[in-house]
Amino acid sequence: MTVKIGLLGLGTVGSGTVEILQDPQGRSPLLKAIEVKAVGVRSLDKPRQVNLPPEVLTTDLEAIVTDPDIAIVVELMGGLEPARSLILQAIAHKKHIVTANKAVIARYGPEIYEAANQHGVYVLLEAAVGGGIPIIKPLKQSLGGNRIQSIVGILNGTTNYILSRMTSEGADFDEVLTAAQQLGYAEADPSADVDGLDAADKIAILASLGFGGRVKREDVACEGIRSVSAVDIAYADRLGFVIKLLAIADGNAGEDSEALQLRVHPTLIAKDHPLASVNGVYNGVLVTGDPLGQVMFYGRGAGAGPTASAVVSDVINIVGIITSSDENPALDPLLSCTHQHYCQVSPIEDLVTRFYCRFLCADVPGVIGHLGMGFGNHGVSLESLVQIGFTDGCAEIVVVTHDVREGDYRAALEEISQLEAVKEIPSVIRVLS
């Protein structure tokens, strides 16, 4: 039995996917049952990395999603539109969907999955998070007997590359970003990466799977890495930390134990933490569950090979079902998505965590005492408060707190910022507790 598929997009990931499908030797035998019937592209004249018959290429994307011979549509276009509309149109024509589009799933997942369940088709998205790291399927299947407590990940290779180079070279953000763009690791407009938006899309998806409820993308608190300086990285190193952009879904971090904390932000993590050694363009995801404890997933988070590997694994899953089932089998609950309720999400002000903060203060007697009093007025307990040195004639003071409610900490900073001796608060970074 041959299963015909159609691809929407033939960029880096699309080309990598076709390369795997055209070279089945030594891979899953199910690959030999797959025929690429159509590939949607913007231009028929553009040079390609892969060899495909001219009749396979088309600029008519709607013809692919409505073709009665095509059983699986692989969406690799990226972006919100027309990707969302084409996915929904394909579902309405009873096509199974494989996608690497985290932005569409994070924002329109409920709409897409409702349509898929209504029409009896699958929407699989292993490639949407973590590139080649198998994390979606383990959360849905292998870890199903666990009560997930937290998911903590380095989910964006661009920002991890930038922070890794800033750490190893002592370089500033702008300098490393420019180098990353020249090497092709960062886009000309890097906002989705460096502002944390890409990682926020991904943690919204993982949280939905891990905690068994829908997640609104706007409920993910999001901060990027533009404000992280070489100075902070150096001080973090002296304190026994490294700085990483973490995406966190935590069922235990807020005052309300029934609500999740969903957040993306630069974070100080101890050097002996499992994620501290995830460097360069690599991704890592640490899942904590009961009774398993901790399990970590690690690998290349982007690129043609890793992402195409995840795409093809989803295609193989669906092909296996099609070739071994009755004509209209019931959806496998381990592959489909059926939850209807939304996860309750706690506001970031209720987060309980530690903080690192750097102050530039006038070099006058009593300034450290005034800082300590300002924190004490709001119940903020300090782990350390030390004067590191001088910058532009100001005393540079670094504070690390014990666990504190974020709202209380921010109130303390507001009071402290009004002190005459406090000239600037350049950095406020959370510390992973």
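Positions of Cβ are set from backbone N, Cα and C atoms, glycine also.
Annotated active site, proton donor per Swiss-Prot: Lys202, in sequence order. The feature NADPH binding site is assigned by Swiss-Prot to Thr12, Val13, Lys102, Gly303. Residues or ranges marked as NADP(+) binding site in Swiss-Prot: Val13, Lys102, Gly184, Glu187, Gly303. The annotation NAD(+) binding site is assigned in Swiss-Prot to Val13, Gly303 on the grounds of similarity to another entry. If you look up Swiss-Prot, you'll see Glu126, Val129, Gly131, Ile133 marked as Na(+) binding site, on the strength of similarity to another entry. Residues or ranges marked as L-homoserine binding site by Swiss-Prot: Glu187, Asp198. Marked as domain 'ACT' by Swiss-Prot on the basis of sequence analysis: 356-433.
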Glu126, Val129, Gly131, Ile133 excluded, remaining Cβ within 8 Å of their centroid (Na(+)): Ala127, Ala128, Gly130, Gly132, Pro134, Ile135, Ile136, Asn283, Gly299, Gly301, Pro306, Thr307, Ala310
Residue pair Val13 (NADPH binding site), Val129 (Na(+) binding site) - Cα distance, angstrom, rounded: 14
Thr12 (NADPH binding site) CB neighbourhood, other CB atoms within 10 A: 17
Rounded Cα separation (Å) that holds between Gly184 (NADP(+) binding site) and Glu126 (Na(+) binding site): 24
Cβ packing number for Gly303 (NADPH binding site), 10 Å threshold: 17
Ile133 (Na(+) binding site) and Thr12 (NADPH binding site), Cα-Cα, nearest whole angstrom: 17
Proximal residue to Asp198 (L-homoserine binding site) among binding-site residues Glu126, Val129, Ile133, Gly303 (C-alpha distance): Val129
Secondary structure tally of the domain 'ACT' (356-433) (DSSP, helix then strand then coil): 22 helix, 36 strand, 20 coil
Cα separation, Lys202 (active site, proton donor) to Lys102 (NADPH binding site) (Å, whole number): 6
